[in-house]
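Per Swiss-Prot, the features are as follows:
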BINDING   GLY127, THR128, GLY129, SER130, GLY131, ASP150, TRP179, ASN196  S-adenosyl-L-methionine binding site
BINDING   ASN196, PRO197, PRO198, TYR199  substrate binding site
Amino acid sequence: MSGEALQRWWHWAQGIIPAPERESGLRELKQFLRAFTGLSPLEITLRRFPPQIHLKLPLTELQERWQRRWQERVPLQYLIGVAHWHDLELVVTPSVLIPRPETEELLAVVAATVPPWQQQGHWLDLGTGSGAIAIGLARLFPAALIHAVDCSSEALEVAQVNIQKYALGDRVRCYVGNWFDPIVPLQGQVQGIVSNPPYIPTSVVATLQPEVQYHEPLLALDGGTDGLQAIRQILETAPEYLQPQGWLFIELMATQGKAVAALAMATQAYERVEILRDLSGHDRFLLAQTP
């Protein structure tokens with residue numbers, strides 16, 4: 001494709017961005033173009049395109065994908081096939097939730113909490129999706145063996161691609177199944193559990209922005225009537241798997257802090273229960289520790 005033709009395409013592409021979203025849409029357009037042309041951020045920002053540009057897919061498909069972003073509200077990450085999260089570039093498909101900044105904060109909480117002597121042994125990522133948490137844990141704790149569980153075989157295929165991409169296949173094991181079901185042999189042996197489970201109440205799912213409501217996997221979003229179905233199950237079962245002084249970290253909806261803390265205390269299985277806030281000041285994470 002010629003640089004002149006790409007200039008014309010750019011003019012068309014920015015023209016279909018809805019006016020209220022123009023600023024964020026232009027940022028997305030730059031990411032979109034970079035993903036499929038290999039041009040540098042500076043070349044794209046200044047629109048100084050070389051005479052000839054190699055497209056990674058036909059121009060007609062490039063155009064169709066960009067139209068889908070605005071006509072169907074397909075998330076950019078699904079259109080380009082990757083999501084940037086923490087310091088990782090993760091493959092994503094509509095089979096997995098797009099990793100969020102809040103989950104980066106969840107890993108930061110883990111890093112700041114767990115002492116060196118517990119940064120080894122068995123760690124669980126329940127509901128791994130793209131594998132973001134499992135990969136983050138493996139990089140954070142080089143001496144640990146990570147067990148990544150998801151009920152979706154399609155999601156696990158994506159996770160395995162990402163795990164191999166970061167050469168962690170020997171330290172991250174994947175299991176298909178519902179929460180603890182595939183890892184029963186690990187009862188009593190686990191140092192810590194980290195999870196970003198579905199926590200949105202069913203009635204709230206229908207109010208989410210179209211990018212989420214219509215395109216991200218419902219399995220990863222819908223937490224049942226009160227949003228706590230999965231969290232309740234994890235809280236009740238985790239003590240059977242954790243070693244003494246084992247850790248449990250769960251990401252929550254901003255309004256669920258008090259309810260989740262009460263559920264954790266009601267199990268009488270944890271000696272320490274805390275609700276921690278995210279960088280926006282919202283209740284976001286449960287930290288619990290067994291005796």
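Each residue, glycine too, has its Cβ placed from N, Cα and C.
Counting only the Cα atoms, the space from PRO198 (substrate binding site) to GLY127 (S-adenosyl-L-methionine binding site) is about 9 angstrom. A count of other CB atoms within 10 A of each Cβ picks out TYR199 as the most crowded of the binding-site residues TRP179, TYR199.
Most other Cβ atoms within 10 A: among the binding-site residues GLY127, GLY131, that distinction falls to GLY131.
The binding-site residues examined here are THR128, SER130, ASN196; by Cβ neighbour count within 10 Å, the least packed of them is ASN196. The secondary structure of GLY131 (S-adenosyl-L-methionine binding site), as reduced to three states from DSSP, is coil rather than helix or strand. Residues GLY127, THR128, GLY129, SER130, GLY131, ASP150, TRP179, ASN196 are the ones the record ties to S-adenosyl-L-methionine, and the longest Cα gap between any two of them is 16 Å. Between GLY129 (S-adenosyl-L-methionine binding site) and PRO197 (substrate binding site), the C-alpha separation comes to 10 Å. Here the Cβ of PRO198 (substrate binding site) has 20 other Cβ atoms within 10 Å, regardless of which shown protein chain they belong to.
Residue pair TRP179 (S-adenosyl-L-methionine binding site) / PRO197 (substrate binding site) shows a Cα separation of 10 Å. Rounded to the nearest whole angstrom, the C-alpha distance between SER130 (S-adenosyl-L-methionine binding site) and TYR199 (substrate binding site) is 17. Taking Cβ-Cβ distances under 8 Å and a sequence separation of 6 or more, the neighbours of ASP150 (S-adenosyl-L-methionine binding site) in its chain are GLY127, THR128, GLY129, LEU156, ALA159, CYS174, TYR175, VAL176. For the recorded substrate site, residues ASN196, PRO197, PRO198, TYR199 set the reference point as the centre of their Cβ atoms, and the other residues of that chain within 8 Å of it by Cβ are GLY127, SER195, ILE200, ALA220, LEU221, GLY223, ALA230, ILE231, ILE250, GLU251. Around the Cβ of GLY129 (S-adenosyl-L-methionine binding site), 29 further Cβ atoms fall within 10 Å across all displayed protein chains.
A distance of 13 Å separates the Cα atom of PRO197 (substrate binding site) from that of GLY131 (S-adenosyl-L-methionine binding site).
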